[in-house]
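As structure tokens, the structure follows; a few thoughts come after it.
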Amino acid sequence: MTSLRPLLAAFAVTGSAQVAILLMGLVRFKLVSLWLGPAGLGVLGLMLALQAFGSQIAGLGLGPATVRMIAARPHRLTRATLLLPRAAIVQGGIAAVAVFVFRVPLAGWLLDDPTRGAEVAFVGLGIPVALLAGAGTALLQGQRRIHTLARVQVTAAAAGTVLALAAIAKWGAAALPALVLVPPAVLACLVWMVPARPAATGARPGPALWPRLVRLGMATVAGTAFSAMVLLVLRAQIASRLGLDAVGLFTAAWALAVTQAGFVLAAISADFYPRLTALLSRPAEARALIDTQIRLILALGAPVLVVLAGQADLVLTLFYSEAFLPAAPLLGWMALGTILRLPAWAMGFAMLARGAGGIFFLAELGFAMLCLGLSLILMPILGLTAVGVGFALAYGAYLAAGLIWGAAQAMSPGPVPLILTATALLLATLSLNVPALTWLLAIIQAALGILALQPAAFFRRHPA
């Protein structure tokens, strides 16, 4: 098994940063929910989904492609540093213009109020800003400068939170677009103040790099952008069928279940993706890294998800208010789905690192279509809870597809991560149905996670 020491060293840095970012995000959501209620949080969720979709489409996958390229060929850093900010401004600017042109129909579709087109246009400005921030973070991630990246992200999240909430406190709901625009704007300003390391050679910029990165990133953007689009459509359908309050409930549950696990995934991906890319010429080590990574993310994330499944009422009241208690069944199901998402995420990165962009796209497409289809079919029967059921079943299918691909490519994890996934799913299901046992079940899951990590590996000497 790959040594845990370098992985945990990286997580100690990025994980603490992502915890801080997660907490600041929850503070933003908490205050919005208290000041503006579920409907206000629902509007914010729709705006964030629009920005995420626009950023995925306009980005053309340049960020992940750059991480992969720099990790494999460090001598191209200089050219990437010159290209990425220009591409972000041009591509993001085109997307912002498109949002401005269609601001009125977008406001009618998303917010059921065409008169709010100005707010939608303001959200569109966040697309080039987010791309510029993403370009800077991609350069740091590709170089595996995780300490620098962590410091920049935490500082930007803190400053962005203070500025955006000050705008909400002064202007109320009219300032909601500030929560979409200000945090990435602060990150973009800070990340480009960090000097890039000198490249390994004196490579000069050239016109061929952009199409090369686009070709490398298109499969990534095709999959992730489709998922972002489905999330946007799903939120719009919830608003249309169940109202803006229901969108707020969905946004609250999503932030707690998916974003909570997202902090673990984001923290580890800062080191995992470039490390895995660099190991592709050594298949046995690459497979061992995938195996160890899945054990680690389950050990860190699964116990919390067991608690979310069984104590949804308590968590929603603590992080939001009693007005969000109707989201408890949804949160329970989303916790189950997120357990499946943890190992599925690792297999998705394995596809990208291996260059299997087409397979990654099909996996993302299948997940998105299954999640959306099941949610809409079950919504008349289960209401908002249908989204959680669809989410969980879709990620089950995604994980199965990833494991089948991994077995065919000799990149699948061993039996221990799969057993740990199954026990986490079982204990979370028990917690959902017998809340009184939640804390005991979470302790059991944490103990299993520690055993799966094989503590003796901490003290063995392995190359990083």
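Backbone N, Cα and C define each Cβ position, glycine as well.
What TrEMBL records for 7-27 (among others) is transmembrane segment.
Among the features that TrEMBL reports, transmembrane segment is placed at 39-62 (among others). Sequence-distant contacts of the transmembrane segment (39-62), counting only residues of its own chain at least 6 positions beyond either end whose CB sits under 8 Å from a CB of the stretch, comprise 29, 32-33, 84, 87-88, 91-92, 94-95, 99, 106, 110-111, 119-120, 123-124, 126-128, 130-131, 134-135, 138, 173, 176-177, 179-180, 213-214, 216-222, 224-225, 228-229, 231-232, 235-236, 239, 243-252, 254, 320.
Within the chain carrying the transmembrane segment (83-102), a Cβ under 8 angstroms from the stretch's Cβ atoms is held by residues 50, 54-55, 57-60, 62, 66, 120-121, 123-125, 127-132, 134-136, 138-139, 192, 205, 209-210, 213, all 6 or more beyond its ends. Per TrEMBL, the feature transmembrane segment maps to 83-102 (among others).
Annotation comment: TrEMBL describes 152-169 (among others) as transmembrane segment. Within the same chain, residues 17-18, 20-21, 24-25, 27-28, 31-32, 35-36, 133, 137, 140, 175-176, 178-179, 182-187, 189-191, 194 sit at least 6 positions outside the transmembrane segment (152-169) and bring their C-beta atoms closer than 8 Å to a C-beta of that stretch.
If you look up TrEMBL, you'll see 175-195 (among others) marked as transmembrane segment. Residues 28, 32, 36, 40, 43-44, 47-48, 51, 85, 119, 122-123, 125-126, 129-130, 132-133, 136-137, 140, 148, 152-153, 155-157, 159-161, 163-165, 167-168 of the same chain lie 6 or more positions beyond the ends of the transmembrane segment (175-195) yet place their CB under 8 Å from a CB of it.
As annotated by TrEMBL, transmembrane segment applies to 216-234 (among others).
TrEMBL lists 246-273 (among others) with the feature transmembrane segment.
Sequence-distant contacts of the transmembrane segment (331-352) (same chain, six or more residues past either end, CB-CB distance under 8 Å): 64, 68, 219-220, 252-254, 256-258, 260-261, 264-265, 269, 272-273, 276, 286, 290, 293-294, 297-298, 301-302, 305-306, 308-310, 312, 315-316, 359-360, 363-364, 385, 387-389, 391-396, 398-399, 402-403, 405-406, 409, 411, 413, 417-418, 421, 424-425, 428-429, 432. The feature transmembrane segment is assigned by TrEMBL to 331-352 (among others).
The annotation transmembrane segment is assigned in TrEMBL to 359-382 (among others). Long-range contacts of the transmembrane segment (359-382) within its own chain (CB-CB distance under 8 A, at least 6 residues past either end) are made by residues 219-220, 222-224, 226-227, 229-230, 233-234, 237, 241-242, 348, 351-352, 389-391, 393-395, 397-398, 401-402, 405.
Taken from TrEMBL, the feature transmembrane segment applies to 388-408 (among others). Long-range contacts of the transmembrane segment (388-408) within its own chain (CB-CB distance under 8 A, at least 6 residues past either end) are made by residues 253, 290, 329-334, 336-338, 340-341, 343-344, 347-348, 350-351, 356, 359, 362-363, 366-368, 370-375, 378, 382, 418, 421.
The transmembrane segment annotation in TrEMBL covers 415-433 (among others).
The transmembrane segment annotation in TrEMBL covers 439-459 (among others).
Beyond the transmembrane segment (415-433), the same-chain residues lying 6 or more positions past its ends with a Cβ under 8 Å from any Cβ of the stretch are 291, 294-295, 298-299, 302, 305-307, 309-311, 332-333, 335-336, 339-340, 342-343, 399, 403, 441-442, 444-445, 448-449, 452.
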